[in-house]
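Asker: For reference, the structure I am asking about is given below.
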Amino acid sequence: GGGGKRKGRSKKWKEILRFPHISQCTELGNSIEREYFSICEKQPIGRLLFRLFCETRPKLQRCIQLLDAMVYFYICIKNILFFFKLRNRKVNHQLLFPKRSIVNKRFAVAVHDYLSGAPFADYQNSMYFDRFLQWKMLERQPITKDTFRQYRVLGKGGFGEVCACQVRATGKMYACKKLEKKRIKKRKGESMALNEKQILEKVNSRFVVSLAYAYETKDALCLVLTIMNGGDLKFHIYNMGTPGFDKDRVQFYAAQICCGLEHLHRESIVYRDLKPENILLDDNGHIRISDLGLAIKVPDGELIRGRVGTVGYMAPEVINNEKYAMYPDWWGLGCLIYEMTAGRSPFRARKERVKREEVERRVQDEEEEYNDKFTEDAKLLTKDPKQRLGCKADGAAGVKAHSFFKNINFKRMEAGMVEPPFVPDPRAVYCKDVLDIEQFSTVKGVNLDQTDNDFYSKFATGSVSIPWQNEMIETECFRDLNVFGPHGTRSPDLDWNQPPEPPRRSLLDRIFRRHVSERTGTLGKQAKPISINPRKSISLFLPQHPEVSISNSRVQSSSVNSVDSMSNSAP
């Protein structure tokens, strides 16, 4: 396990995250894409190391300080504008901040243009870039079930269970979504599973669950995702007192969902399955969109068609099998705002038994009913996508500008600076009892073959770069391991002139080698050679010695393995 100062890390965490010698990173250094924004801005560890490099040169340090000051200035401007907005005062932005666009765009572009030239070239010849390559080598280590400790079942997905798990090296907790291989094949879910995995890899948003790892076991494909311990919105709407939320809470969740949809749409991804059970709360009360199994990338400039979603939440154009782009997601947001406010879905009462066709008829033909909890600006369901909020040219910006969100400062929201109106109790369990979670039946009559293995290799790609690097930073492993030599010199693992340390032998290997040396040192020439008779089994002639007898060595081996297993699996 790992407690105390290790914060959940394994006893062997430093060995697991041991840097390879820089000479072992040559192939990676030759093949890695050396693009400034990717290495120095987009990747969290790359960004920190580039800034450490800039701190060694006063001129470059001033550039970084200027960039940080511009970000701070931009947030301050947004706060001032938000202040006037709350007081219903119109402001001429250009009169109040005449050079705002220059400060926020042109200056930043000019600074990055400068940094991406000679400074970036110098950085690539520095020990800081070499350290970046070492981190990238660790990032690309093979991922298996032994990378994690497995904990209790959290729930059930479409193809298998969802369990809590913990990375041994860092102590970070995740949710492991297991997709049983035979169940996927039986239901022909390969393309759906791979599509979800590939979309999760593309999206980097604090409002959408992140994929950190993808690996396989003998029986399952595993997606390791952001763990959300606060339960889903469906549980909170219906199981925490009077159904529904007050307006402040509805606005907060709706605003965060809006941000998540905006980030998905920016990547040309339409989500298509917005419903309360797919919106999860974290420990602090912030929400994330989860379960991207029905999400799909929309080709640029095109519309798609697909009658998918959940009954009661599908938009009219989806039910009618018409073409659409991002339109269904804004309908889904309207449905969620209605349900969070009214404590029931807009077209079906809680636990009402009604056929799918009837629900779809209501969605297409009937007007939803609003009780006295609704204000005029909370009525956001529009059947015609041409008139629907969010479906016009301004997209998410039009939704954010709606009077329903007048109390939301979206810049602070996107920076994670807005306090949630509700914080889950860490001692509470916001879900069904594990005993109530339906168990999967055994899949029979399904055999896996080489074609399946080809699919698994596309799925099980290991660590996902940005979440993995964030994990190293958040768990302080980056701080603890990112050490250089004295007075700004290279540490031994970064010294090209110093040979790499020999790999450390396992405990079992050291015991075996000790036994061999004892045997040869003590018994010398008395030991008989191995005789091989091609007609008989191989026989090994050794002097009788309790420490090297075959039976004893087997017992010792299993004992060592069990102790090692126990030390790594303790919570």
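A Cβ is built for glycine as well, from the same backbone N, Cα and C atoms used for every other residue.
Annotation source TrEMBL lists active site, proton acceptor at D273. The feature ATP binding site is assigned by TrEMBL to K186. Annotated coiled coil per TrEMBL: 349-376, in sequence order. What TrEMBL records for 148-405 is domain 'Protein kinase'. The domain 'AGC-kinase C-terminal' feature in TrEMBL is assigned to 406-471. Look at TrEMBL and you will find 550-571 tagged as region 'Disordered'.
Tell me about the surroundings of these features in the structure.
Answerer: Long-range Cβ contacts of D273 (active site, proton acceptor) within its own chain (separation 6+, distance under 8 Å): D291, G293, L294, A295, V308, G309, T310, Y313, G332. Mapped onto three states, the DSSP output places D273 (active site, proton acceptor) in coil.
Taken residue by residue with DSSP, K186 (ATP binding site) is part of a helix. All protein chains included, K186 (ATP binding site) registers 14 other Cβ atoms within 10 Å of its own Cβ.
Through the fold, the coiled coil (349-376) approaches residues 238, 243-244, 247, 311-312, 314-316, 319-320, 338, 341-343, 383 of its own chain, all at least 6 residues removed from its boundaries and within a Cβ separation under 8 Å.
Looking at the domain 'AGC-kinase C-terminal' (406-471) alone, the prediction's average pLDDT is 84.
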